[in-house]
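Engineer: Here it is, the structure, as structure tokens.
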Amino acid sequence: MTNIRKSHPLIKIINHSFIDLPAPSNISAWWNFGSLLGVCLILQILTGLFLAMHYTSDTMTAFSSVTHICRDVNYGWIIRYLHANGASMFFICLYMHVGRGMYYGSYTFSETWNIGIVLLFTVMATAFMGYVLPWGQMSFWGATVITNLLSAIPYIGTDLVEWIWGGFSVDKATLTRFFAFHFTLPFIVSALAAVHLLFLHETGSNNPSGMVSDSDKIPFHPYYTIKDILGLLVLVLTLMLLVLFSPDLLGDPDNYIPANPLNTPPHIKPEWYFLFAYAILRSIPNKLGGVLALVLSILILAIIPALHTSKQRGMMFRPLSQCLFWLLVADLLTLTWIGGQPVEHPFIAIGQLASILYFFILLVLMPISGIIENRLLKW
């Protein structure tokens, strides 16, 4: 068996990636999220495939086809809710994975980090298009509002929006193409994830200390396979609690009303995992400025390696940066809360303050704290 594992052209690749892979001996549970994201992606592709067998991407029948899946298809309700809540688990793992990368300085692996940012954008696009497919009120108006943001692009904006819509409003053409993209993009995400892993295995994993661990490596299997299975059990337990006890907890009740272009919901908002970016978008009164802030709130991750001023890689031994990091986490949670609130006082002011603080921490305070900590090392 060992000979096949090490000599067969295909099994050899799997062996070098998941079995005999040299891994640092001190990586913590924060390194579990990569494998959990892989599991989430497989779950989403499988449940999505079964949903696509019964779903119809037509404005007249989309809503009733989702109802049909839940009522008439064998275990259709559990497949639908696994898919919907699986997306929430996917984003929880994604944000924790990115947060770990920021905390422990994993962004110094620039190729892996940049592919990760492309992956994040692709997954966000996939999730947005998936939210449109049930063709409820929030699906329709969310699609209308978010795609309409592109009209802020000077000169070509309006033409671009109508090109994406396939007409003069969100209609059948929009729904059909969104379904086509939503079906295709997860496979592109899988390919990008393979490239992400390829770049990671070129350098080897980072570790909590941030130091080079070449002199102290252990095989991935059995040590980290067992550790990853523990994380997987926690993920599955959380997901099943959501699906079986409160499947609509993270959804919007408005999406149980069929899409009606003549009736606007009182408060249009995206899924909870986009609320922080939506709050940043809304905090700027100018449309183009809001769109730029929305894109930059994610794209800012690309310049984090350039803003690294500390002599140490991670934040494990940097108390000032640790305080700023957790302040950033609290700020993102505040933005998520604000994104779900109506546009009125005091939520507008809180959203604007939280948005300014978000960019100020990342662009100004973090680099300054790195310089101060370098000075403290000399004492």
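Note that Cβ sites are derived from N, Cα and C of the backbone, with glycine treated the same way.
Fair warning: this is a prediction, and the values are worked out from it, not measured in the lab.
Pulled the feature table from Swiss-Prot, pasting it below:
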TRANSMEM  33-53  transmembrane segment
TRANSMEM  77-98  transmembrane segment
BINDING   HIS83, HIS182  heme b b562 binding site
BINDING   HIS97, HIS196  heme b b566 binding site
TRANSMEM  113-133  transmembrane segment
TRANSMEM  178-198  transmembrane segment
BINDING   HIS201  ubiquinone binding site
TRANSMEM  226-246  transmembrane segment
TRANSMEM  288-308  transmembrane segment
TRANSMEM  320-340  transmembrane segment
TRANSMEM  347-367  transmembrane segment
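Tell me what's around each of these sites.
Structural biologist: Cβ atoms under 8 Å from those of the transmembrane segment (77-98) belong to residues 30, 33-34, 36-37, 40-41, 43-44, 47-48, 50-51, 66, 69-71, 116, 120, 123, 127, 130, 235, 238-239, 242-243, 247, 250-251, 271-273, 301 of the same chain, restricted to positions at least 6 beyond its ends.
Using a 10 Å radius centred on the Cβ of HIS182 (heme b b562 binding site) and all shown protein chains, the other Cβ atoms total 21.
The Cβ neighbour count for HIS97 (heme b b566 binding site), using a 10 Å radius over every protein chain in view, is 20.
Same-chain residues lying 6 or more positions outside the transmembrane segment (113-133) and placing a CB less than 8 Å from one of its CB atoms are 55, 57, 62, 66, 87, 90-91, 94, 98, 101, 106-107, 139-140, 142-143, 146, 174-175, 178-179, 181-182, 185-186, 188-189, 192-193, 195-196, 199, 270-271, 273-274, 298-299, 301-302, 304-305.
With a cut-off of 8 Å between Cβ atoms, the residues of this chain six or more beyond the transmembrane segment (178-198) that come close are 17, 37-38, 41, 44-45, 48, 52, 55, 57, 112, 115-116, 118-119, 122-123, 125-126, 129-130, 132-133, 143.
Note: HIS201 (ubiquinone binding site) has non-local neighbours HIS16, SER17, LEU21, i.e. same-chain residues 6+ apart with C-beta under 8 A of its own C-beta.
Outside the transmembrane segment (288-308), and at least 6 residues removed from its termini, the chain residues within Cβ reach (under 8 Å) are 98, 102, 105, 107-108, 110, 113-114, 117, 120-121, 124, 149-150, 152-154, 276-278, 280-282, 355, 358-359, 362-363, 366-367, 370.
Long-range neighbours of the transmembrane segment (320-340) within the same chain, counting only residues 6 or more positions beyond its ends whose Cβ lies under 8 Å from a Cβ of the stretch, are 99, 102-103, 269-270, 272, 274-280, 282, 310, 347, 350-351, 354-355, 357-358, 361-362, 365-366, 369-370, 372-373.
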Engineer: Where else in the chain does the transmembrane segment (33-53) make close Cβ contacts, counting only residues six or more beyond its ends and a cut-off under 8 Å?
Structural biologist: 69, 79-80, 82-83, 86-87, 89-90, 93-94, 96-97, 100, 182-183, 186-187, 189-190, 193, 228, 231-232, 235
Engineer: Cα-Cα separation of HIS196 (heme b b566 binding site) and HIS182 (heme b b562 binding site), in Å?
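Structural biologist: Their Cα atoms are separated by 21 Å.
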Engineer: Non-local Cβ contacts of HIS83 (heme b b562 binding site) (under 8 Å, 6 or more apart, same chain)?
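Structural biologist: In sequence order, the residues whose Cβ lies under 8 Å from that of HIS83 (heme b b562 binding site) (at least 6 apart) are GLN44, THR47, GLY48, LEU51.
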